[in-house]
Every structure is written in structure tokens, then in C-alpha cells.
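Pulled from Swiss-Prot, these are the features on record:
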BINDING   Cys137  Mo-molybdopterin binding site
DOMAIN    502-578  domain 'Cytochrome b5 heme-binding'
BINDING   His538, His561  heme binding site
DOMAIN    602-713  domain 'FAD-binding FR-type'
BINDING   655-658, 672-677, 687-689, Ser737, Thr740  FAD binding site
BINDING   Met829, Leu830, Leu831, Val832, Cys833, Gly834, Pro835, Pro836, Gly837, Met838  NADP(+) binding site
Amino acid sequence: MDSIVTEVTYGLEIKKIKDITELPFPVRQDSPLTEVLPTDLKTKDNFVARDPDLLRLTGSHPFNSEPPLTKLYDSGFLTPVSLHFVRNHGPVPYVPDENILDWEVSIEGMVETPYKIKLSDIMEQFDIYSTPVTMVCAGNRRKEQNMVKKGAGFNWGAAGTSTSLWTGCMLGDVIGKARPSKRARFVWMEGADNPANGAYRTCIRLSWCMDPERCIMIAYQQNGEWLHPDHGKPLRVVIPGVIGGRSVKWLKKLVVSDRPSENWYHYFDNRVLPTMVTPEMAKSDDRWWKDERYAIYDLNLQTIICKPENQQVIKISEDEYEIAGFGYNGGGVRIGRIEVSLDKGKSWKLADIDYPEDRYREAGYFRLFGGLVNVCDRMSCLCWCFWKLKVPLSELARSKDILIRGMDERMMVQPRTMYWNVTSMLNNWWYRVAIIREGESLRFEHPVVANKPGGWMDRVKAEGGDILDNNWGEVDDTVKQAERRPHIDEDLEMMCNREKMDVVIKYSEFEAHKDSETEPWFAVKGQVFDGSSYLEDHPGGAQSILMVSGEDATDDFIAIHSSFAKKLLPSMHLGRLEEVSSVTKVKSVEQNVKREVLLDPRKWHKITLAEKEVISSDSRIFKFDLEHSEQLSGLPTGKHLFLRLKDSSGKYVMRAYTPKSSNSLRGRLEILIKVYFPNREYPNGGIMTNLIENLQVGNQIEVKGPVGEFEYVKCGHCSFNNKPYQMKHFVMISGGSGITPTYQVLQAIFSDPEDRTSVQLFFGNKKVDDILLREELDHIQEKYPEQFKVDYSLSDLDHLPENWSGVRGRLTFDILDTYVRGKKMGEYMLLVCGPPGMNGVVENWCNARKLDKQYVVYF
């Protein structure tokens, strides 16, 4: 460090200073968290301690979170590590403390001298700096865009930003040592995590790495402590002024290149596509994603209101109230002004801005946490600022809202209008807080709440307002507005025949179809439909329609059907039900009574989670107590049941499952479920499986059934579509969690000493760890080797165990031919439950071999 002034303004290390509050610049040193939360103990992150105050945005795993907005603001310039927002694409890599200094990074690609270096050597060989940097997720404020039109990403509120003191070396120094080629333009960065679509890799421009104004770091400490696992322990990249998605965590590799990264995450994440590109267009054409012009690097200008808080109530008086919040910008450009409007943007008031980063700049050179603080060497602004404005409460009482906007030193100003895009990223239209007068008090509404309903956007949307109109969808006589339309029910728009909307169906006529097996009429949202034309084609079988004949099926229908399914209903629409609001509905969930059998195909009943057994990183056995200890489930072998829960918005979500437990088990119901956690392709993950995953012991879930067209009786006797069969053999084709219905039949066969039905099972999975119930299946095969055979198949050929003796690859015609060779049609039946690709192979094989459909059951 001879080239840098070493006579620092503050000659003592920060740990030796008794009272850091006396320093003229912000400093904090956080004590590491130690307690792992119960939710995380059940995931691959079972070693990561986290703050329970963080708002989880994607369920329990992977962990994505932001702090409560007020708590973030009240923490001040430097955010506690425990409250720093988190964006993880998968499980956190486990790095023991004793291995931190041996962590190794490779530098390769278009360089003269590629090399590898350990963290201990980085600390010894390179100049070390401590720098305050604000990090921001590109999806910050995404939920506001999703309220207008659902995009591809999960919901973020306005608190997806945090600031820390990062300690490490400059990325440019590490790259410079390898002597990059003059033709090189980019640096690829790769982490050690392994999310759903492979290792996370992205890139930045090489010239930025070499620019001291950019101050791009490789950091190993945050606020004076080793990196927390969620934030990249033991080593990460920190890129100020750029979206957080470029600051790769758990850094393992740096590759110098002449082109941008070609990694999946670089292509399909962190892009702002043109606003006219719909989710369907983006999904069907990769060219949108691979256009580097749409890649996000620098942050855009953003200002947020934190005070008043959402739903805060203030009594009107003669006092003043201080409106306050924060702002940030990208590319190192300072925010030059922040303005507040109390009259819908007609006039603006200039807020006072505080730039805490400048206090480091003014202090000169000094050392913190073993690193030189040299903010004074640069002009760039890499941190957020804080603003405030005092206004009379009487003026707030005359206002309908508070608006905020910023302008940077380039005179770029925040837009009034939202720029909607598929990823809902970089949303920075004016932040608006609505003011609701309630007598002599004022209540304030922020746009949204990150992980639950709430805010003025929810209210406006429910009232039928247009969030994007000239008054944000609010009713205001002083502002010219388009005629306010009643709220349009999107479900009915898809489901109804406009010509039948005025046809009235008498309730007596509707009720006459109760229990009808030929003309099943059912009601959804007050409209009547005739399901008879779809009995044979319904994917869930005719029984799914017949069980709601003559009843209001609103909750169940909306909970389980996609938009595609809803668009099939106009041809079945008969009209609206007479005085549906005045009809007394039978209560759908009855009080627990001492009933011998739990299930009822027409009524929901509640069961209670008693235990959750973690089988693997994404598979669990949920064990539910029935209504009393002697009660049977009442589920025939081969059929399934419905489970339903309410999501965070209060809407029912319903899915069909087949229990793992035998139907002879009393007082308990065990269901094996594979949890589909959120990922890039499906940012919300499996909605129902994540709701079930978040259940706590003692929570209740609703159950109804049985449903399904197949039932196994005993000794080869079964029924399918109400027709009896006598089978000698079953060929079972299962994939992943689709093993559960076939396992039900297996249990019935091999628990009966008189049952000699033979079974051949093909069980396909991606990796060895994905194979469910393997111990149970192997036990049956060992005990009945002549009667039962199972072929395990793995499709991920790049990660096959060396000693793998099972099938390699996916299901083929040859495999199916082998299974039925020597068997006569009519003596065997196929039982199939797998993903669409696997089911498609079976269907094509059946067509090619002219196998009658009556012998093929798709669960």
C-alpha cells in the first residue's frame, strides 16, 4: 500500500474504538445470527440462521426475502446483515468455517497467465478495502407491476435494497494479474451454487472492472464479519450501482471473454423486454431473451416513501408531519433532487437530502475492518440517500395522496407512467401513498405489501378502477376520469356465453339435476353449466363432474382449473341461477362428528397435521390425524382425494393426491408429496405443494373425495369407468411423485396372501436422490421376486452413479414391448402416472400397438 496514504485520519482499528457513535461516518458491526428457524431446518438450508422478521417471498425454499420497509428505513444508512434482502435461486452452498481461507477461485479465459488463488492469498497479495455499497434487486417493486398484469417473476415490495460495508479486494486487481487480452470485453462470474438450471453465471464489462469509479470488489466480509451464507460465504462479487443479480455469490470462477455470458441465468433472468412482449411471446421465442440490448446492468433512478407507514393512522392537528424515505440510482450517478407533490403532480416541494456516503468521502483515508476506506478518491455515488420534508398536517388532510419523484445529476427524472415488462423489473414509476380521511384522522396506504394482500392497488383493483389511469384508479370528483366501470370478473368473461347471460335458470330446475348421472348441472359464480357433453373427455374422469351435480361448485372449480379449462365452458353455459344470493347453501365443511368414514364426495372435512417427515430435500410425508382415532379414510384403492387450502389472497387452491398409507389405517392419513419450490421458469413454484409445505403441526387442511375412475378390489378384480375387469397382470408406469397411486395398488396386492396378480413397474426419475419409496419397493421385490419386478430408470445421464445397474434414459417402446411380451390383450392393464412426456410415450405406444384404451388407466 506504499502508493496510498497510510497516515490515516483514524489510526485505530474500529474494534479498538470504544464508542463508534463518536465517529463522523456510519459504522456498524453485527453479531452473527446463530438460531436456525424451524422452517429452514426442513430444507437443504438447515444450517443457515435467519431473522424471522424477514418477509419470505417464495415460501420456505429457496429463500428469497426482504425486510419490512419501516424496519429497513429505521435501521439507517447501514443495514444489519440479518435484515439485508436475500435472492437465492436454490440451496445455499455449505462451507465450514475451517475451510473459509482455503476457498479457491480460478481466473481463466482470454488471459496470458491463468491462475487459481485461495482466499487466504487474496488477503495477503492484494490491497484490501472497506467500502459502503447499496445493493438492489432488479425486481424491487415488482408486485406493483404484477397487480396491473402478472409477469414472470415473484412479488417484491419496495424493500429489496440494503447497504453494507463490504471488505475485500478490487476485482480489477485480480483480473489484471492474469493479464487479459486486448480483445477481451467481458468478465464471466460463476458461483458454487447449483440451482435448477445449472451453475449461476453472469457477466459484466471488463472495462468496468478496471474503473476505480465503479469500485467493483471481491468481498469476504460484510459489516465487519465473515460473509453470512445467504450473502455469499466465503467470497462474492460486489458490483456497486448495478442490479444485485450481477454480484455473483459463492464465487468460484472468473472467465475473461470477448462476448457476454451464455449461461442460462444470464439469458433468462435480469432483462427488461419491450413492453409489448407478452409472457406467451417470451416463452415461445428465445430470441427476446438473448438480445443483449435488453440485459439489465445499471440500476435506474428510484425513490421510496417510508414515512408515513402503510396503514399508519395520524390524528389531524396543527402540527407538522415529516414525510421521509430513501432513494438510490445506478452507475454511480448522484441523485440531485427529490420532490414531493400533495396535489397529484400539479406542483412539487423540494425535499432535503442527506448523503451519508459523503461523510466517508470527507473523512479522507482511514481503515475499517482491515481494509482501507478511500471513498475520497472517487466522485461516484454508490450508496442510497435519505430524504425528508415537513408539511402541515392540515395540508395532508386536504390531499388525496403523497407522490415522490427523483431527478439525478444527468437530469433524468422518474416517470409518471409504469413501463410494464414481462419480468416486471426496474419498476420505478412515481411512488404513491394514498391518504384516506377517517373523521379527524388520516390513514395512509402504500401501493402494496410484499408477501400478502394490502395497499391501495388491491383496493382500487377490487373496486374496478384502472390503476394506470390519470388518477391511479381512484374516485375523485376534482379530476377528469373515464367512466368508472364495474369490476369485471375475469373468470366469468372466459366461462360464459354472452347470449346466455340474461337467461334465468329456476333454482327448482337446477336442484332437480342433483345426483344426475346423465345431465350433471353445476353452478359457478351464480352461472349454471351442463357438464354432460364433457363427461367422457374430462381429464379427472366423469366422477369429478358428477360429484358436484346440482350443487354450487364455485370454490372447487376456481381452485383447480386453469384459464384454458375455463375457456371450454361457454358451450356448456345455460344461464344464471335464479336468486342465487338468497338460496341457502348447504354448509360445505361440516362440524366433526363421530363418523366411521372420513371422506364424502360432496362435502369438505378438516384433518389436522400431526407430523411431517422429511424424506429428501424436496419430498415429505405429511401425516394427518383424522376426526377420531378409529376413523377410516374411506378411500378405495386406486382412487384419490382432493386437498384444499387458501393462499395468501384468500383464494382456494385445490389439488388431487393419492395417500401413501393403506386404506385400512385408522385415525391417520399419510400423503407423500414432492414440493416444487420456486425457480426461474416457475417463479411461484408449485402453489399447492408450497402451501402444504408451510403448514405447521396443528394446522388443518380440508379434504374431500373419493374421486377417480379406477378401483382395485382384490385378486385382479378391478373396475374402470364403472366396468368390471379381471386382470392377471399390471404394467405400472410411474415418474417422480407419480409413484403414489401405483404404490397404493401394490400395497393392496401384496398385503393379501391370496392375491397372485403379477406386477411390472417402470419407475422413472432424474437422479438417484429423486427415487421415492425405494426401500419399500425393494422390500416387496425381495419378498415376491416372481410376482413383482421393478425397473428404476434415471434420465440425468451426466450424474449417473458409477455402479448404476438400472435403466439409463427415459421410457421407450422397446421397454414397453418387453413388459407385455407373451401376455394376451385383456389379461393385462397399464396403470400410468407420470409427467406429460412419459404419458405421451405410453399413449403413442398404445396407438402403435393398437392397445384398446379400456386397458390403459391414466391417474
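Each residue, glycine too, has its Cβ placed from N, Cα and C.
Per-residue confidence over the domain 'FAD-binding FR-type' (602-713) averages 88 (mean pLDDT, predicted model). Looking only at the binding-site residues Cys137, Met829, Cys833, the one with its C-alpha closest to Tyr676 (FAD binding site) is Cys833. With Met829 (NADP(+) binding site) as the anchor, the candidate binding-site residues are His538, His561, Leu672, Lys674, Thr689, and the one with the nearest CA is His538. Ranked by CA distance from Tyr657 (FAD binding site), the binding-site residues His561, Leu831, Cys833, Gly837 have Cys833 at the top as the closest.
The two recorded residues, His561 (heme binding site) and Thr689 (FAD binding site), have Cα atoms 16 Å apart. Counting only same-chain residues at least 6 apart in sequence, those with a Cβ under 8 Å from the Cβ of Cys833 (NADP(+) binding site) are Ile733, Ser734, Gly735, Gly738, Ile739, Thr740, Pro741, Thr742, Tyr858, Phe859. Counting residues of the domain 'FAD-binding FR-type' (602-713) by DSSP class, helix then strand then coil, yields 7 helix, 52 strand, 53 coil. Geometry remark: Gly837 (NADP(+) binding site) versus Lys674 (FAD binding site), CA distance 18 Å.
Taking Cα separation as the measure, Thr689 (FAD binding site) is nearest to Pro835 of the binding-site residues Cys137, His538, Leu831, Pro835. Highest Cβ count within 10 Å among the binding-site residues Leu672, Ile687: Leu672.
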